[in-house]
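Features reported for this protein in TrEMBL:
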type	residues	note
TRANSMEM	21-41	transmembrane segment
TRANSMEM	47-64	transmembrane segment
DOMAIN	187-380	domain 'FtsK'
BINDING	Gly212, Gly213, Thr214, Gly215, Ser216, Gly217, Lys218, Ser219	ATP binding site
Amino acid sequence: MFKLKKEADLKRNYFITSSRLKLLHLIIIVFSIFILLSLIVNIRAPAFIQILCIVLGILAIYKINNKLKDFRYELDFDLIIRESLLFVLYTNHLYTSEKDNSGYEKIIRSAILKYELDNQNGLIIIKALIRGDEFSKKVQTLDDVLAGVLELELEEKIIHPNIVEYHFYYKKPDRLILSPHNHKKEIDSLEIDLGYDITYNPIKCPHILVSGGTGSGKSIFISFLIIELLKRNSTLYIADPKNSDLGSLSHYLSDKYIATTPNNIARIVRLVVEQMQERYQAMRDNFHYGSNFADHGFKPVWLIFDEMGAFQASATDKKSKEVITEAMDGIKQIILLGRQAGVFILVSAQQMRAETLNTDLRDNLGLRIALGANSIEGYRMVFGSATPDKFKSIEEKGAGYLYMQGSGKEKAQYWESPYLDTTQFDFIKELQLYVTKSK
C-alpha cells in the first residue's frame with residue numbers, strides 16, 4: 001500500500017498533491033478513451049466483434065476509473081490534511097526565508113506539523129514540534145487556526161516538553177443506547193461501558209461525582225448506574241434527602257438500604273463505614289500482599305448519595321448539625337479509605353460548591369461528570385485543574401463533560417451519557433429483576 005509522509009514542512013517539495021493526483025486520474029481516463037477510439041476506428045472485423053470490443057473497452061475504462069477512485073480515496077484525506085497544514089504554516093508565517101541573487105524567496109527554516117489518523121476512533125492528531133526556535137511559542141497557540149482550517153472542534157490539547165498535540169474528532173464517538181432485558185443479567189467484570197469509548201472501573205478509579213441541574217439527564221444516568229451496579233452483584237445504599245425519585249425506591253428495595261431523613265442517612269452511612277472496617281479486619285486476618293477486596297471474595301458496596309447540598313442544608317439546630325457532621329465524617333472515611341475494601345460512593349448534586357464537599361475530598365472522586373450547561377465556575381468546582389480551556393455547546397439531553405483519573409486525559413472531555421428511551425425502557429421493571437440482591 002502506498003504511504004505518504006504525514007508531515008507538513010514548507011522546506012520540503014511534495015511531488016504528490018491532491019491536484020496532481022486529480023490531474024493524473026483525468027489523464028489516464030482520457031488516454032484510455034483515446035486508445036478505445038483508436039481501436040474502434042482501425043479495427044477490421046465483423047460488426048458484432050466491433051460491438052463486443054466497444055463493450056469490453058467501456059467496461060475496462062469503467063473498472064480503471066473505479067480503481068483510480070479507490071486509490072485517490074486512500075490518499076485524498078491525507079493530502080487534504082497535509083495541504084491544510086501547509087496553508088496554516090504559510091499564512092501564519094511559521095517559516096523563515098531569504099532571497100537569493102535572482103530575487104527568488106527561498107524558505108530556509110519552517111515549523112513542522114505532523115499528523116496521525118486514528119480511523120478506528122475517527123480522530124485526527126496534529127503534532128506541532130517544539131524545537132526551541134522562534135516558532136516554539138506560536139505552535140502552542142494554534143487551537144483556533146487548526147479548528148478553522150479543518151472545520152472541526154478541538155477535542156483536546158496536550159502540551160509535552162517537545163511537542164504539542166491537537167486532537168480533533170472527524171467522526172463522532174458512539175453514544176451507548178440502552179435496551180431493556182426480560183431476564184436477569186449478571187456480570188463478573190466490574191468494568192462499566194459508559195459509551196464514547198469510555199469504560200469505568202471502580203478499582204482503578206474509585207468513587208463518582210455527578211453534577212447536573214434539572215433536565216440535564218442526571219437522574220436517568222444515575223438510574224443506569226444503579227442497574228449496572230446491581231448486575232455486578234453490588235450492595236447499594238441510597239441516601240435521598242429530598243425524598244424524590246431515588247427515595248421512592250424504598251417501595252422496591254428494603255428500607256434498610258434507603259434513607260431520606262437526616263437520622264436515617266447518618267444510619268446508612270454508619271452501616272457502610274462499619275462494613276468497610278469489617279472488611280479491612282477480614283483482609284488483615286487473611287493478609288495477602290497487594291490484594292484487594294475482590295481477591296478476598298467481597299463484592300462492591302456502593303453508597304449513592306443524591307443531593308448532598310440539600311442534606312447539609314438541613315442542619316438547622318445543634319442536634320441536626322451533630323447528625324450531619326457524623327454523616328460527613330463517615331463519607332470522608334469512605335472516600336479516603338474505601339477503595340481497597342471495595343466500598344465506594346457516588347455523590348450527586350445540582351451544583352457543586354466548596355461547602356458541599358471540600359476540594360481535597362472532591363479531588364479523590366475518580367470519575368467526575370458535569371451534565372448539562374454550566375458556568376465556568378461550576379465546571380471548576382467539579383473538575384478543578386482538569387477544567388477544559390474551551391467548552392462545546394451542550395445541545396443533547398444527557399450530554400456534558402467527563403473526567404476520569406488515570407485515563408491519560410489531562411482535561412475533562414465532552415461526553416454523552418447512555419441514551420435511555422423512557423417510552424421503551426421501564427426502569428422499575430428492570431430494577432425488579434435484581435431486587436433480591438439488595439434484600
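Cβ atoms are placed via backbone N, Cα and C, with glycine included.
The binding-site residues examined here are Thr214, Ser216, Ser219; by Cβ neighbour count within 10 Å, the least packed of them is Thr214.
For Gly212 (ATP binding site), the number of other Cβ atoms no farther than 10 Å from its own Cβ, over all displayed protein chains, is 25.
Under the three-state DSSP scheme, Gly213 (ATP binding site) falls in the coil class.
Cβ proximity to the ATP site centre (mean Cβ of Gly212, Gly213, Thr214, Gly215, Ser216, Gly217, Lys218, Ser219, cutoff 8 Å) flags the following additional same-chain residues: Gln350, Leu371, Gly372.
One residue stands out among the binding-site residues Gly215, Gly217 for having the most other Cβ atoms within 10 Å of its Cβ: Gly217. Note: Lys218 (ATP binding site) has non-local neighbours Val210, Ser211, Gly212, Ser348, Gln350, Leu371, Gly372, i.e. same-chain residues 6+ apart with C-beta under 8 A of its own C-beta. Cβ neighbours within 10 Å of Gly213 (ATP binding site), excluding its own Cβ and spanning all shown chains: 15.
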